[in-house]
Amino acid sequence: MSTQMKANGLMLIVTMFWGLSYTFMIIGAETMSTFNIVAQRCLLAFIVAGIIFYQRMIKVTIKTLQYAFIQGFLLFIVFAFSLIGLETTSAANAGFILSLTVVMVPIMASIIDKKLPTRAIGFAVAFTLIGIAILTLKGSLSIQPGDFYMVLAALAYSTYLILNGRFTTRVDSITYGVYQLGFAGLIALALCITYETPQLPQTSNEWIAILGLGIVCSAFCFITQAVVQQHTSPTHTGLIFSAEPIFAAAFAALFLHEAITIQIIVGGSFILVGNLAAQFEQFHLLRALNKTNDHEMHT
């Protein structure tokens with residue numbers, strides 16, 4: 001088995017665990033408060049990852065901390081809004097709506113660069129909007145509050161990804177990534193102390209939720225992604241990540257007994273088609289850039 005195939009296999013495991021995170025969040029939110037969950041998830045992940053990368057952590061620069069604080073704040077918004085959203089929407093809906101980042105990122109990048117999106121991106125947007133309408137609009141043509149919060153989480157995560165592409169080229173990516181988790185946890189802890197009552201998990205379900213979110217879905221996934229992304233292409237990574245909402249729906253059906261309705265299947269299919277169109281557009285752009293670079297090297 002080639003190194004890239006192994007890397008792709010590990011990325012699929014990461015994607016599977018991210019899909020499982022929606023189930024963990026719902027389990028935790030049944031008896032725990034939002035900021036409390038985010039604080040414990042992020043601080044636990046920060047401690048675990050910090051121990052593993054201790055040698056890098058002590059060499060942190062001011063610039064790294066500045067970038068990590070910005071990204072940590074955005075991560076906090078993503079995690080908090082996701083938890084709030086899951087109070088009134090299903091894990092399947094949440095997974096598909098949050099996957100909108102695949103389409104949002106190139107649109108936001110086009111706005112920043114003052115360029116019109118390509119036809120492929122326009123096609124992707126049309127399909128994802130149809131999918132979102134099918135998933136979220138009910139009989140009265142109203143949108144559930146939870147779906148709205150998931151859209152806000154997707155916007156925050158898209159902003160996070162765009163800034164991530166700029167920041168990671170300027171600092172050590174692993175140190176920067178670990179400190180993000182720490183800052184997200186501290187922000188959540190401050191709000192938890194102010195508006196909630198900080199409390200460690202009391203029941204087995206609460207421990208499962210926090211350990212699952214902190215160690216499996218955050219620390220393990222972050223470390224694995226940081227290592228294996230060096231051995232696979234961005235296109236492969238993006239296509240594998242597109243499977244996250246499928247895992248979210250499958251785990252919710254398995255552990256939470258959520259029904260996979262025709263509405264979820266049809267709406268989710270439209271969103272997946274839109275995501276794949278956006279990913280293939282990225283693939284063609286990267287291939288064109290590589291050809292241009294090869295041509296310049298031989299002239």
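Keep in mind that glycine also has a Cβ here, set from the backbone N, Cα and C atoms.
Look at TrEMBL and you will find 7-29 (among others) tagged as transmembrane segment.
According to TrEMBL, the feature domain 'EamA' maps to 8-136 (among others). Sorting the domain 'EamA' (8-136) by DSSP state (H, G, I as helix; E, B as strand; all else coil) yields 108 helix, 0 strand, 21 coil.
Long-range contacts of the transmembrane segment (35-55) within the same chain, counting only residues at least 6 positions beyond its ends with a Cβ under 8 Å from a Cβ of the stretch, are 25, 28-29, 72, 75-76, 79-80, 83, 174-175, 177-179, 181-182, 184-186, 188-189, 191-192, 195-201, 209-211, 213-215, 217-219, 222-223. Sequence annotations record features per position, and here TrEMBL assigns transmembrane segment to 35-55 (among others).
Annotation comment: TrEMBL describes 67-86 (among others) as transmembrane segment.
Remote same-chain residues near the transmembrane segment (92-112) are listed as 19, 22, 82, 85-86, 121, 124-125, 128, 131-132, 135-136, 146-147, 150-151, 153-155, 157-159, 161-162, 238, 241-242, 244-249, 252-253, 258, 260, 264, 267-268, 271-272, 274-275, 278-279, 281-282 (criterion: CB distance under 8 Å, separation of at least six residues from the stretch ends). Taken from TrEMBL, the feature transmembrane segment covers 92-112 (among others).
The list of residues near the transmembrane segment (119-136) in space but at least 6 beyond its ends in sequence, with Cβ under 8 angstroms from a Cβ of it, reads 93, 96-97, 100, 102-103, 106-107, 110, 143-144, 147, 151, 263-264, 266-275, 277-278, 280-281, 284. Among the features that TrEMBL reports, transmembrane segment is placed at 119-136 (among others).
As annotated by TrEMBL, domain 'EamA' applies to 145-274 (among others).
Among residues of the same chain six or more beyond the transmembrane segment (148-164), those with a C-beta under 8 A of the stretch's C-beta atoms are 67, 70-71, 74-75, 77-78, 81-82, 84-85, 89, 93-94, 97-101, 104-105, 108-109, 112, 132. Taken from TrEMBL, the feature transmembrane segment applies to 148-164 (among others).
TrEMBL lists 176-195 (among others) with the feature transmembrane segment. With a threshold of 8 Å between CB atoms, the same-chain residues lying at least 6 positions outside the transmembrane segment (176-195) that come near it are 33, 35-36, 38-43, 45-46, 49-50, 53, 56-57, 60, 64-65, 67-69, 71-73, 75-76, 79-80, 167-168, 218-219, 222, 226.
TrEMBL lists 207-227 (among others) with the feature transmembrane segment. Sequence-distant contacts of the transmembrane segment (207-227) (same chain, six or more residues past either end, CB-CB distance under 8 Å): 10-11, 13-14, 17-18, 20-21, 24-25, 27-28, 32, 37, 40-45, 48-49, 52, 173-174, 177-178, 181, 201.
Beyond the ends of the transmembrane segment (239-256), by six or more residues, the same chain brings 8, 11-12, 15-16, 18-20, 22-23, 26-27, 90-92, 94-96, 98-99, 102, 264, 268, 271-272, 275-276, 279 to within a C-beta distance below 8 angstroms of the stretch. Annotated transmembrane segment per TrEMBL: 239-256 (among others), in sequence order.
As annotated by TrEMBL, transmembrane segment applies to 262-280 (among others).
Helix, strand and coil residue tallies for the domain 'EamA' (145-274), in that order: 107 helix, 0 strand, 23 coil [DSSP].
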